[in-house]
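Worksheet: one structure, shown below.
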């Protein structure tokens, strides 16, 4: 009985979590008439008759919104490329900066390094609204406002990657490090030949989380970017009106494709890396 109860709870949680995605997928197949009818039902949510007339699946599914978005809205491709470019630059910059920083924190045993790491963790939990004003002032003085650098510069110094990668580097036994030093390995060789291979699962997790965060980032764009030519997909989605609701649903579906594909692909490597680490530790 307990087994069926747990299964039912898991099923209900899955339905709640997948419902928004299901709703967006169905919304992308709505025609103009059905879209207006759904809007009228939502506006009259308290009306019993409107609720009874609600239908889960479209009566006349169509791909017209996909055709409209892909053929008649070149700004979608501009925003898509801006999202790809911005996210890739951020991820690459974080790898170059935060991975060595994680190694330094893990290899240092001084009091000051621990204090600095605590400061890193505190900065990680601070919401954007607290950091927005000092970031805006700094970016303005650097001349980066209304440029892609206004998004990239603060993001590449995000402390989340350090928080994720640091425990993997910290878990490397000192005996391995000392043995490599005896064999003549310098600090760079220790980092590249021992540290990075052992921390690949953490690095991939960091890349995946940062991909999800900055692919859908909208607060930074609203605060720092006014030039529509460098808007990313979330900013473009924010401009759709109710009379283009089905196109907005379609744009949302296409926006989700890349993160979902990356999650499915990296899931295999993450699982394989963790299994390999467990086998090596036996």
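The chain as shown is numbered from 1 upward.
Placed from the backbone N, Cα and C atoms, the Cβ positions cover glycine too.
Just so you know, TrEMBL annotations never went through curation; they're auto-generated.
According to TrEMBL, the feature domain 'ABC transmembrane type-1' maps to 80-266.
Residues annotated as transmembrane segment in TrEMBL: 7-30 (among others).
As annotated by TrEMBL, transmembrane segment applies to 76-97 (among others). Outside the transmembrane segment (76-97), and at least 6 residues removed from its termini, the chain residues within Cβ reach (under 8 Å) are 69-70, 148, 151-152, 155-158, 161, 203, 206-207, 210-211, 214-215, 229-236, 251, 254-255, 258.
Marked as transmembrane segment by TrEMBL: 117-136 (among others).
Feature annotation from TrEMBL assigns transmembrane segment to 148-169 (among others).
Residues annotated as transmembrane segment in TrEMBL: 190-212 (among others). Residues 87, 90-91, 94-95, 98-100, 102-103, 106, 155, 158, 160-161, 164-165, 167-169, 172, 176-177, 180-181, 259, 262-263, 266, 269-270, 273-274, 277 of the same chain lie 6 or more positions beyond the ends of the transmembrane segment (190-212) yet place their CB under 8 Å from a CB of it.
Per TrEMBL, the feature transmembrane segment maps to 245-266 (among others).
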For the transmembrane segment (7-30), distant same-chain residues with Cβ under 8 A (at least six beyond the ends):
38, 56-58, 61-63, 65-66, 245-246, 249-250, 252-253, 256
Other than its close neighbours in sequence, what residues sit by the transmembrane segment (148-169), given a CB gap under 8 Å and a spacing of at least six beyond its ends?
82, 85-86, 89-90, 93-99, 101-103, 105-107, 117, 120-121, 123-124, 131, 135, 139, 142, 195, 198-199, 201-203, 205-206, 209-210, 213-214, 217, 220-221, 224-225, 230
